[in-house]
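A.B. asks: So Swiss-Prot lists the following for this protein:
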{"type": "ACT_SITE", "residues": "Ser44", "note": "active site, charge relay system"}
{"type": "ACT_SITE", "residues": "Tyr107", "note": "active site, charge relay system"}
{"type": "ACT_SITE", "residues": "Tyr133", "note": "active site, proton donor"}
{"type": "ACT_SITE", "residues": "Lys162", "note": "active site, schiff-base intermediate with substrate"}
Amino acid sequence: MKLEGVIVATVMPFAKDGVNYEGLRLLLSKIVEAGYHGVFPTSSTGEVTKLSAEERVRVMQLAKEVAGGKALVVAGTGTGDHVSTIDIARKYKDVGVDAILITPPYYIQYDWAALYAFYKKVLDKVDIPVILYTIPLATGYNVPVEVFEMVAGEYSQVVGVKDSSGDFRYHLDLIHLLGKRLSVLQGLDMLFVPSLVMGAHGGILAGPNFLGRITLEQYLLVKEGKIAEAVALHNKLMPLWRFMGGCGLVGKLGGKWPTLYKLATQLVHGIDMGPPREPLPPVDDKDRRELEKILKELGLI
């Protein structure tokens, strides 16, 4: 499997009593109809760590149904140990997902040997396509490129690596050392176009939840060699990404990252996102007004 293009890390609409599955169905349908290459509902953006195992499975069953073979379906583990990672991966395999993204261990910062041992234990038991992942915002560390290199060299089911570090030097190392063997996928909207220009194969991104086809157009422009046009689109979106909090992950709005994406999706599509799962805070009135202003300037609402 060669992963290329734009896979959308979808936001998760909630009702008071659980996941709003009809709202999720509508959002997934819009993304698939827009022509995106894949959907990824059990993502960090989708608040995967706050979903029960049963909710994760049902969400992925719905995604598989809506995608209907038109888009890849990727599932995230959202777990921090090898036992629960293997368990949820097997459940996802039964659903029929196309690939799983493995969240690295979190809470404790691990050394190279411990990380390698984690991947080995998981990959010895999981035989469907796997995307490796680094997200220091959640784990407190960046998985060393050399660990990914060792794991990918040993396990043929590893097909890609998603980088949500925001560290572009690290990202270039991934492209240089792994890009001929694996799909290197950018995880931050702000860095998508620069990554493509430097040889990344695509991205797993949250912006397409509310940007229509803009992110897809960026990808296609770079593929067609129309770099200046892609950069122009990138620059047009910079006020949005700066407001969202520096790559949508860190900065002045830090912990509001998922909820800002959810609010933007609600404003653009009219899908009720419901409350965030605690302890995520709701967006306050000041930030809501600023977000509405930016979306209006972009012609999205």
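Heads up, residue numbers simply count up from 1 along the chain you see.
Glycine residues also receive a Cβ, built from the backbone N, Cα and C atoms like all the rest.
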A.B. asks: Sorry to bug you, but what's the C-alpha spacing from Lys162 (active site, schiff-base intermediate with substrate) to Tyr133 (active site, proton donor), rounded to the closest Å?
C.D. replies: 5
A.B. asks: Can you tell me whether DSSP puts the residue listed as 'active site, schiff-base intermediate with substrate' in helix, strand or coil?
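C.D. replies: The residue in question, the residue listed as 'active site, schiff-base intermediate with substrate', is strand (DSSP, three-state).
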A.B. asks: If you count Cβ atoms within 10 Å of the Cβ of Tyr107 (active site, charge relay system), leaving out that atom itself, what do you get?
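C.D. replies: I count 10 other Cβ atoms within 10 Å of it.
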A.B. asks: When you measure from the Cβ of Ser44 (active site, charge relay system), how many other Cβ atoms are you left with inside 10 Å?
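C.D. replies: Neighbour count, Cβ to Cβ under the 10 Å cut-off: 24.
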A.B. asks: Between Lys162 (active site, schiff-base intermediate with substrate) and Tyr107 (active site, charge relay system), what is the CA-CA distance rounded to a whole number of Å?
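C.D. replies: Counting only the Cα atoms, the answer is 20 Å.
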A.B. asks: Ranking the active-site residues Tyr133, Lys162 by other Cβ atoms within 10 Å, which is at the bottom?
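C.D. replies: Ranked by other Cβ atoms within 10 Å, the active-site residues Tyr133, Lys162 bottom out at Tyr133.
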A.B. asks: Quick check for the class: what is the C-alpha distance, in angstrom and rounded, between Tyr107 (active site, charge relay system) and Ser44 (active site, charge relay system)?
C.D. replies: 15
